[in-house]
Amino acid sequence: MSFSMSRKQYADMFGPTVGDAIRLADSELFIEIEKDYTTYGDEVKFGGGKVIRDGMGQHPLATSDECVDLVLTNAIIVDYTGIYKADIGIKDGMIASIGKAGNPLLMDGVDMVIGAATEVIAAEGMIVTAGGIDAHIHFICPQQIETALASGVTTMIGGGTGPATGTNATTCTPGPWNIHRMLQAAEEFPINLGFLGKGNCSDEAPLKEQIEAGAVGLKLHEDWGSTAAAIDTCLKVADRYDVQVAIHTDTLNEGGFVEDTLKAIDGRVIHTYHTEGAGGGHAPDIIKAAGFPNILPSSTNPTRPYTINTLEEHLDMLMVCHHLDANIPEDIAFADSRIRKETIAAEDVLHDLGVFSMISSDSQAMGRVGEVIIRTWQTADKMKKQRGKLQEDNGVGDNFRVKRYIAKYTINPAIAHGIADYVGSVEVGKLADLVVWNPAFFGVKPELVLKGGMIAYSTMGDPNASIPTPQPVLYRPMFAAKGDAKYQTSITFVSKAAYEKGIHEQLGLKKKVKPVHGIRKLTKKDLILNDKTPKIDVDPQTYEVKVDGQLVTCEPAEIVPMAQRYFLF
């Protein structure tokens with residue numbers, strides 16, 4: 001016997017379905033559900049008088065071997081793979097199934113079994129994304145990790161040793177001793193971590209020992225001297241060990257111009273940090289590197305998006321982070337050469353075109369570790385308002401644009417750093433690093449942050465209250481962040497060379513340790529929905545940016561979404 005419901009009744013009970021559109025926070029971005037893998041009339045839902053009860057939606061005979069450990073019911077999945085509705089089953093901390101959950105004794109088409117061993121997260125009306133990946137971290141203080149987790153970031157890659165002067169300016173963990181200590185420190189945190197060694201050296205031996213000590217890659221930074229010899233040597237070693245090289249190029253053009261750096265790179269794959277140049281790099285035209293097929297370009301979030309306040313705040317940030325002196329004219333000139341409104345404005349558009357592939361933070365070193373996700377969506381919203389719907393978005397929603405932008409902080413940094421087999425998307429076989437969002441707070445404040453299939457961070461009310469919701473509602477660490485649970489739900493990434501030498505056993509690491517791989521044969525074409533390689537030119541006098549001969553610019557935003565409406569401070 002069939003039963004009819006209005007679309008509103010259905011959405012209230014089981015969440016939106018195919019044909020429904022959902023607004024993302026207070027932005028002008030809308031998503032439209034492309035497919036619904038749950039079965040109408042056989043949906044599972046938890047609660048008093050609901051479906052997931054013994055002998056109904058819950059299999060009465062299934063043991064733990066036959067059912068999932070956790071199911072997220074009726075979730076709206078937003079991922080580079082699509083925007084669709086499904087149940088998500090998690091087993092042993094991994095995404096085991098995406099589709100229809102329930103009891104196959106009563107229901108057709110069940111992909112994952114709910115049993116007595118299954119926990120439930122009711123995701124009706126909620127958006128689920130992969131945990132964010134921030135691939136430009138200065139590990140200046142451990143408190144960054146809590147802030148990142150609370151924003152929906154579950155993987156951090158970068159370098160540093162704490163608030164040392166070198167770390168404040170450069171993302172390097174230099175030398176085996178420092179790398180080993182940071183690998184040991186990583187044990188404390190319910191987050192995936194990987195550390196970059198110092199790549200600025202014109203001899204191979206000091207670089208090799210860092211990779212064999214556990215570095216996932218090497219970082220070249222102008223403050224250590226990004227010379228042609230250092231670049232070439234670093235890339236030779238990286239090719240041998242299959243690790244990534246990240247680079248912050250020579251702002252002052254002391255050792256050469258952008259053309260000289262590209263010549264030294266010589267077609268080899270490299271991750272270029274803050275490729276627009278405001279965060280550093282060849283002035284004024286490092287941005288043209290984004291047009292080459294071996295360059296994997298990223299932005300950092302202080303320039304995301306370009307607003308009326310962007311230029312003003314950058315000078316002071318730069319003076320502090322790069323140990324400059326306001327009393328020295330040369331230092332002021334150095335700072336001024338970086339901060340160019342023309343290239344920052346072009347950066348917005350290049351992201352929207354899919355030319356810039358990734359967004360990261362540059363944490364506490366001219367970047368905000370808790371705002372990667374917010375600023376990504378603020379940029380997407382600004383571009384829709386200024387440039388209109390993308391040609392690929394011919395329906396009600398902005399699905400293509402949303403998939404392009406979410407790839408910038410999930411799958412693409414995972415691909416670039418050789419960890420896409422483990423994290424970076426909502427796909428079967430990957431670590432269940434998932435973020436659950438109320439659509440009204442999407443991109444701003446997650447409801448739940450899962451690490452390896454267990455809740456690590458969550459909004460939580462007064463612990464002494466009779467229910468979970470009374471004020472003050474704060475982000476608090478949950479059980480996945482405690483005790484030995486964090487060892488089973490998070491990964492420390494190392495080089496394949498270090499993994500094969502048993503670095504985890506040598507250092508007594510309890511956390512899961514996995515090797516990075518598949519990096520040196522990458523090209524920009526491997527970066528999903530953000531793989532464009534146009535010809536980019538910069539006028540050396542006016543700093544105007546042209547893409548395939550066309551001027552690319554935009555106006556600064558005066559108002560952005562996901563801002564003061566959501567925060568007191």
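Note that Cβ sites are derived from N, Cα and C of the backbone, with glycine treated the same way.
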**OP:** From the candidates H180, H274, give the one listed by Swiss-Prot for the same Ni(2+) 2 site as K219, H248.
**Re:** H274
Subject >> Given Swiss-Prot lists H136, H138, K219 for Ni(2+) 1, the same-site residue among D352, D362, D381 >> reply: D362
Subject >> Chain-internal residues near H248 (Ni(2+) 2 binding site), provided their CB is under 8 angstroms and they sit 6+ positions away >> reply: T170, K219, L220, H221, E222, D223, S226, Y273, H274, G279, G280, G281
Original post:
Do you know the mean pLDDT across the domain 'Urease' (131-569)?
Top reply: 96
Subject >> Number of Cβ atoms other than its own within 10 Å, given for K219 (Ni(2+) 1 binding site) >> reply: 30
**OP:** Would you pick out, from the binding-site residues H136, H221, H274, the residue whose Cβ has the largest number of other Cβ atoms within 10 Å?
**Re:** H136
**OP:** List, in sequence order, the residues of the same chain other than H136, H138, K219, D362 whose Cβ lies within 8 Å of the centroid of the Cβ atoms of the recorded Ni(2+) 1 site.
**Re:** I137, G158, G159, T170, T171, A246, H248, Y273, T300, S360, S361, S363, A365, G367
Original post:
Cβ distance under 8 Å to H138 (Ni(2+) 1 binding site), same chain, sequence separation 6 or more: which residues?
Top reply: G158, G159, G160, T167, N168, A169, T170, T171, D362, S363, Q364, A365
